[in-house]
Amino acid sequence: MVVKLMIDFFLKSEYLPAGDQPKAIKEIENSILLGNKYQTLKGVTGSGKTFTIANIIKDLNRPALVVSHNKTLAAQLYREFKDFFPNNAVEYFVSYYDYYQPESYVPSKDLFIEKEATINTEIEIKRIRTVTSLAKRRDVIVVATVSSIYALGSPDFFKKSAREFFVGQKISIKEISDIFVELYYERTLMNLERDKFSIKGDIVEIWPSSEHGEFAYRICLDFDEIVEIYRVSSFSKKNLGATNSFTLFAKSYFVIPYENVLEAIPKISHDLSLQCQYFKDNGKLVEAERLKQRVEYDLEMLRETGFCSGIENYSKYLSGSTMERPYCLFDFFPKDXLLFVDESHVTLPQFRGMYNGDHSRKLNLVNFGFRLPAALENRPLKYDEFEALINQVVFVSATPGVEENEKSSVVVDQIIRPTGLVDPEIITRHSDGQMEDLYSEIQKRVALKERVLITTLTKKMSEDLTEYLVNLGVRAKYLHSELDTLERVEVISLLRKSEIDVIVGINLLREGLDIPEVSLVAILDADKVGFLRSTTSLIQTIGRAARNSNGLVIMYYDKISLAMREAIEETNRRRQIQIDYNKKNNITPKTIVKKIQNILEKELNNKNKNVGYDFEKIISGERLSKKKLIDKLKFDLEEAVNDERFEDAIVLRDKIKELSSKISIARNKKREV
């Protein structure tokens with residue numbers, strides 16, 4: 001049995017709560033301590049909502065799940081919490097698919113589409129680390145997406161998979177090997193790889209995904225007794241120090257004891273008979289025969305190997321659960337855990353819609369004899385099931401929706417920013433002559449060495465406007481979905497570094513463009529009714545100019561819409577509160593000074609301490625072979641992309657090119673000699 005580590009949350013920050021943060025922290029904590037289930041933090045852009053959340057977690061000292069509506073924002077939150085809580089377990093749980101084509105059937109074409117998927121190994125590793133941390137300790141913060149409500153294996157089975165190894169333990173190499181295999185690790189006769197183990201004489205090495213850092217465990221035995229355990233670098237094999245013991249968990253969170261497989265087989269067979277009889281009774285002989293062939297093949301594979309393709313469709317039988325819903329990430333948390341729903345006005349509707357889409361696809365598979373009805377239970381949670389799993393929740397948004405406002409016991413405003421910055425002034429201008437007017441406003445900002453964001457309604461408009469501005473001598477680039485992730489990050493980096501002055505985009509909300517150098521946001525066609533010009537979207541877009549003391553928003557329109565009017569009124573309300581507060585407290589707003597750098601060097605330095613070499617020595621090749629140098633950098637590049645650390649990925653990509661070029665030159669010189 002694993003005894004959970006009881007470590008307090010330690011918040012590392014150069015700053016103390018300021019502005020509206022102390023009041024917001026106190027009010028939300030009081031509401032939670034009173035036992036209220038729902039509370040809302042209504043915080044403007046740049047008010048430090050993440051820092052407020054961090055303080056609540058630290059003060060209440062409870063495990064926390066923070067959910068966001070996309071991977072990019074989740075990755076940003078993950079990095080922030082990693083910085084705030086360096087001594088605690090901060091984990092990342094998002095979809096591990098780079099490509100996913102679900103199993104489906106199109107009746108109109110009599111077309112069955114097999115499941116196809118490409119799994120991202122690094123994301124999968126982070127998911128394993130998440131459930132491992134939750135099994136081992138309480139000081140855990142998990143940043144996740146909608147993946148948190150999708151089906152997982154039994155948390156009890158996973159916790160029971162834990163095996164401890166310690167110095168002085170009486171155990172043979174064969175027994176160790178059998179345990180590793182039971183936990184789904186594979187033996188390798190080649191170089192040690194992640195999630196594999198090797199045996200050389202009396203030495204066993206294993207590299208588990210569940211551990212943070214690129215290190216493996218080396219177990220040294222003498223006459224069926226463990227005499228030494230070391231941590232060693234997975235790449236250089238350098239000894240990183242001795243340890244008395246370590247606990248190993250299964251390499252998968254879908255742990256299925258073989259006895260469960262044996263118990264499931266007769267249940268599956270029984271349901272197969274019932275469903276085949278149902279088809280026959282309704283004249284569906286083709287469906288009955290199809291189902292019989294498919295399921296009987298799966299049963300044979302389960303008998304022989306304990307596994308079959310699409311085994312998740314039999315999770316209802318294999319889990320041993322009597323619940324009507326599947327297990328999910330929430331089940332791995334203790335009962336007193338806290339939930340924070342970031343950007344709740346977007347995230348909650350996303351969670352609400354997951355079940356229906358999944359159900360309609362699988363219903364076709366069941367109705368046409370491709371799957372048993374039990375396959376419907378391998379699914380995301382229904383919204384009411386999601387709500388039932390919530391212990392206590394804080395909705396976080398600058399623009400909370402009706403649901404958050406109606407359910408919450410308290411809705412706490414966080415309007416005053418610690419920096420004293422106020423919401424931007426808003427000017428409305430008719431669209432007649434808007435291009436000339438926009439060009440004039442851009443020139444004013446360029447003269448002040450400030451930046452501009454322009455939002456349009458279509459990709460074509462953004463490209464045409466960018467071309468128009470470039471022809472006028474403006475340093476501008478467009479930003480939209482046809483650019484890949486690294487290209488988008490490069491464009492944003494160019495803006496921050498003053499290599500361009502203007503970005504033209506469509507949905508600038510999703511890009512995470514909180515850039516302090518931006519002092520002007522221009523909204524074209526601000527009056528057009530639709531998602532990108534709703535009250536909520538307009539308020540969020542206005543916030544892009546809220547990190548600069550000269551922040552200004554210009555809305556170009558033909559006729560002022562209701563959404564425009566509501567967004568302007570709400571922004572002006574907040575702006576007046578902020579101005580009054582600054583006057584009362586003699587505060588002069590100052591633009592946020594955000595250092596233009598990436599976190600590559602810091603992360604690499606941390607990794608260097610673990611794996612035993614310096615970044616500079618990686619480049620010069622003083623510690624590792626040339627092949628391993630490039631392999632290591634490629635590994636870091638893949639990890640950076642998976643973590644959404646795209647600026648780091650760009651630097652790593654360039655380093656790989658640089659190193660490859662040096663190796664190529666060295667080879668050519670060698671040939672000449």
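Cβ coordinates are placed from backbone N, Cα and C, and glycine is handled just like the others.
Since we're looking at a predicted model, the values are computed, not measured.
For GLY43, VAL44, THR45, GLY46, SER47, GLY48, LYS49, THR50, the entry in Swiss-Prot reads ATP binding site, with the evidence type sequence analysis. Secondary structure at SER47 (ATP binding site), taken from DSSP and collapsed to helix, strand or coil, is coil. Cβ neighbours within 10 Å of SER47 (ATP binding site), excluding its own Cβ and spanning all shown chains: 28.
The annotation domain 'Helicase ATP-binding' is assigned in Swiss-Prot to 30-417. Per-residue pLDDT, averaged over the domain 'Helicase ATP-binding' (30-417), rounds to 92.
If you look up Swiss-Prot, you'll see 434-600 marked as domain 'Helicase C-terminal'.
Marked as domain 'UVR' by Swiss-Prot: 627-662.
Among residues of the same chain six or more beyond the motif 'Beta-hairpin' (96-119), those with a C-beta under 8 A of the stretch's C-beta atoms are 127, 310, 361, 364-365, 368, 370-371. Annotated motif 'Beta-hairpin' per Swiss-Prot: 96-119, in sequence order.
Long-range Cβ proximity for THR50 (ATP binding site), meaning a same-chain Cβ under 8 A and a gap of 6 or more residues, is found for LEU77, GLU80, PHE81, PHE84.
Its own atom aside, the Cβ of GLY43 (ATP binding site) has 25 Cβ atoms within 10 angstroms in the protein chains shown. Around the Cβ of VAL44 (ATP binding site), the same chain contributes ALA398, GLN414, ILE415, ARG417, ASP423, GLY543, ALA546, ARG574, each under 8 angstroms and 6 or more positions distant in sequence. Close to GLY46 (ATP binding site) in the fold, though at least 6 residues off in sequence, lie ARG417, THR419, LEU421, ASP514, GLY543, ALA546, ARG547, ILE592, each with a CB less than 8 Å from its CB. Excluding GLY43, VAL44, THR45, GLY46, SER47, GLY48, LYS49, THR50 themselves, the residues of that chain whose CB lies within 8 A of the CB mean position for the ATP site are, in sequence, THR52, ALA398, GLN414, ARG417. With DSSP classes pooled into helix, strand and coil, the tally for the motif 'Beta-hairpin' (96-119) is 3 helix, 15 strand, 6 coil. Taking Cβ-Cβ distances under 8 Å and a sequence gap of 6 or more within the same chain, the neighbours of LYS49 (ATP binding site) are LEU41, GLY43, ASP342, VAL396, GLN414.
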